[in-house]
Amino acid sequence: MTLTIKPSEIFGSIYIQMSKSDAHRALIASSLAKTPSIIKRWIDNVSVDVEVTKNAVSNFADLEIIDDNLKVFPKKEYKKELVIDVKESGSSLRFLIPIMSAFGITCTFTGSKKLFSRPIDVYKKIWKEEGLEFIHSEDSIKISGQLKASNFKVLGNLSSQFLSGLLFALPLLDGNSNIIIDGELESEPYVMMTLKTLKAANIETLRHDNNIIEVYGNQEYSGIDYEVESDWSHAAFFAAAGALGGETTLYGLNKYSIQGDKEILNILKFMGASVSYNDDNSITIKKTNRLNALDIDMSDIPDLGPIITTLAATAKGRTRLYNAGRLRYKESDRMNDLMDSFSRIGANIEVSEDEILIEGVERLKGGNTTSHNDHRIAMALAVASAVSDNDIIIDDAESINKSSFNFIEQFRSIGAKVVS
């Protein structure tokens, strides 16, 4: 699908959809429980990735949507051999692999070749050391065998999803386990989200300093009464649209959330945008003057990389995104693909091994570009229409559905001139 977005002034308000990250975790914890759960503020068909996890956990629980709530009823029996299509969802794959092995399920994960080219060696190494089967091909992964309690080493700077997957699975094992974090942990807010969900399900863990998490075995998940937060990662695109194109007011967000991507508001303030908290708990972001460049540590906020690139593309001065190397292992090689996608529409970007340097121009020229089939790059390019002299034409824009089925509709509602 190709999207054409004409230069647009932005003004309006929207309610931010439920958090993809929070929804993944709530689905998994509730499906592992011994008693029924209720997940509040549920929006069905919010994104491809959440639907992947929802379909997968239906192997362990029956799911029923009543009004705005998802009720989860655990099954007493489950199949010992499964095939699960994870499409392009790295979160689903990395969360589910340890859980399947905790139950001793033989499982074949299918999906896009692009997904199976992303890093998975953390699990492959552990499964080999534990004597379990782990067969990795270009379009699938097959695992079999019973995971047992042990000490598991995880690289801190690769993806927190490996750590979260183990955190979900290890309480089900017979005996205590330790997760040893090798190096400094990046994306820690995502780990904190997992621990928060586990606590809601009465699962106990103990963190020893910053590098060891002890997970007690022989635990049972309790049913949860859980309200899914709105998505700060998704809100960042609309916040940036307001800062560049006029004004946006965002509803539904928890300003005390542990989601790391709420940092977007601090970034916008430091760059010179107006950010105000309203009495009705909404947040308004207004364009002031041209934004200012900034040095930004990307360690805990890699998913903000694309939209920060949009902000920096026309900021005054040079923006430096450092500790950005993990962007190479997302839905695309985001460092090189961001450089390519934004250079095509007039941005001045350079990348090195661990940094992205963006020298701001006054306006983007627009033109034809591509998302590289990366949902966050596609949405970031769409927002760039607010500072473009000409239409921005995005190839592979269907990738947006990976994280949001209604982004285009909401973007139009605040003034964006989108042509499908």
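Any Cβ shown, glycine's included, is placed from N, Cα and C.
Keep in mind it's a predicted model, so treat the numbers as computed, not measured.
Around the Cβ of Ser160 (3-phosphoshikimate binding site), the number of neighbouring Cβ atoms within 10 Å comes to 27. The 3-phosphoshikimate binding site feature in Swiss-Prot is assigned to Lys20, Ser21, Arg25, Ser159, Ser160, Gln161, Ser187, Asp303, Lys330.
Among the features that Swiss-Prot reports, phosphoenolpyruvate binding site is placed at Lys20, Gly90, Arg118, Gln161, Arg334, Arg376, Lys402. For Gly90 (phosphoenolpyruvate binding site), other Cβ atoms within 10 Å of its Cβ number 20.
Neighbour density for Asp303 (active site, proton acceptor): within 10 A of its CB lie 24 other CB atoms from the protein chains shown. Marked as active site, proton acceptor by Swiss-Prot: Asp303.
In the three-state DSSP assignment, the secondary structure recorded for Arg334 (phosphoenolpyruvate binding site) is helix. On a Cα basis, Gln161 (phosphoenolpyruvate binding site) lies 11 Å away from Arg25 (3-phosphoshikimate binding site). Of the recorded residues, Lys20 (3-phosphoshikimate binding site) and Lys402 (phosphoenolpyruvate binding site) place their C-alpha atoms 10 Å from one another.
If you measure from the Cα atom of Arg118 (phosphoenolpyruvate binding site) to that of Ser160 (3-phosphoshikimate binding site), you get 14 Å. The binding residues for phosphoenolpyruvate are recorded as Lys20, Gly90, Arg118, Gln161, Arg334, Arg376, Lys402; their greatest pairwise CA distance is 20 Å.
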